[in-house]
């Protein structure tokens, strides 16, 4: 049987682009949905039939009855957050969540000492805060790279786990007590958490890499669900105001345990304007009533943290960088309806640099981006409502012109347009699985 076509969905901006809705929509055709990086530091919001669900760790395909979902080894897993999410889904009537969810044995676990250090560090930074969610993501990735992580497979061997834990806590408690003036974390408290979660987590641990490769050989389509956004990538984002993982399409290969030849189509999710949460440079940020209007109409508050998002004009130069580093096959433009009624629209097509130079692509690193002054093209907006429009031809002429100009400046085609939060409020120009 021929190998199935597989799709990677990534955020192409600074996160919060609307990936959850699109993954949920694409999951109709998938045989499996896979998370491959990040942790429970970002929420994916899904609206089905007017009912809202926020997922943080579990793939957005879980609402589809009978669909298998996977958490690959690139994800750092908080057992308590995971079980809390499962309990929420069970209470909402979602069937057989634990039976359909598989976790790679190689996933690093987020435990109480990660959270303690994450929060103590951020408190110590004062004005230099990075904007971490304080959920232990960064310290858990540090442990992975430093080869001291306690991983999902360790839950199957509690006698060996205690030895590892004692060694890890010796390292953590020195930092907590002497660098951050915080209290130590007790091994007994961590073991109490582990003993509570292990019986439920253990049955979900499986060789995710093998299962995914078998599914692909059997002709099942796979959907890889990214978290955060490409401009928050640890290597290519506005460092150090970034997340702790690789958020790019290429990370799906390593983070899920599949070969790169299995990644057939990369769908970049792109908001019709730009937002950013927390600290870091943002060249097109708006500080006027237009920005406030976008925030209000777009409900721009983090689904996990509740933090207000900063809003700005569409940044095509930043998106160019994202298209380049991800190999984006097509774009899904979300929240087009939020732009309804904006009289004049600006698109950033490049930046003026110190010394008189210009560039048409976002530089790497926050120091370089801080110095960028946006170069704008102006377009007329539209007064008509695009809310819930399901046909491209039914869009206002100026909305279509806006989408066309985004394609021209960025160099990638628009495949999908989202005109509302519900699964059905979607215009399809090219189906990624086609």
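Yeah, the Cβs are placed from backbone N, Cα and C, and that goes for glycine too.
Among the candidates 297, 307, 321, the one that Swiss-Prot lists alongside 16, 17, 18, 19, 41, 42, 43, 44, 133, 147, 228, 243 as binding IMP is 307.
Cβ neighbours within 10 Å of residue 18 (GTP binding site), excluding its own Cβ and spanning all shown chains: 21. In sequence order, 277, 278, 301 constitute the residues six or more apart from residue 307 (IMP binding site) in its chain with CB-CB distances below 8 Å. If you check the recorded positions 16, 21, 45 against residue 228 (IMP binding site), the ones with a Cα inside 10 Å of its Cα are 16. A gap of 8 Å separates the Cα atoms of residue 21 (GTP binding site) and residue 44 (active site, proton donor). The IMP site in the record is lined by 16, 17, 18, 19, 41, 42, 43, 44, 133, 147, 228, 243, 307, and its two most distant CA atoms lie 34 Å apart. Neighbour density around each Cβ, counted as other Cβ atoms within 10 Å, peaks among the binding-site residues 15, 306 at 15. For residue 309 (substrate binding site), the Cβ neighbour count at a 10 Å cut-off comes to 21, with all displayed protein chains included.
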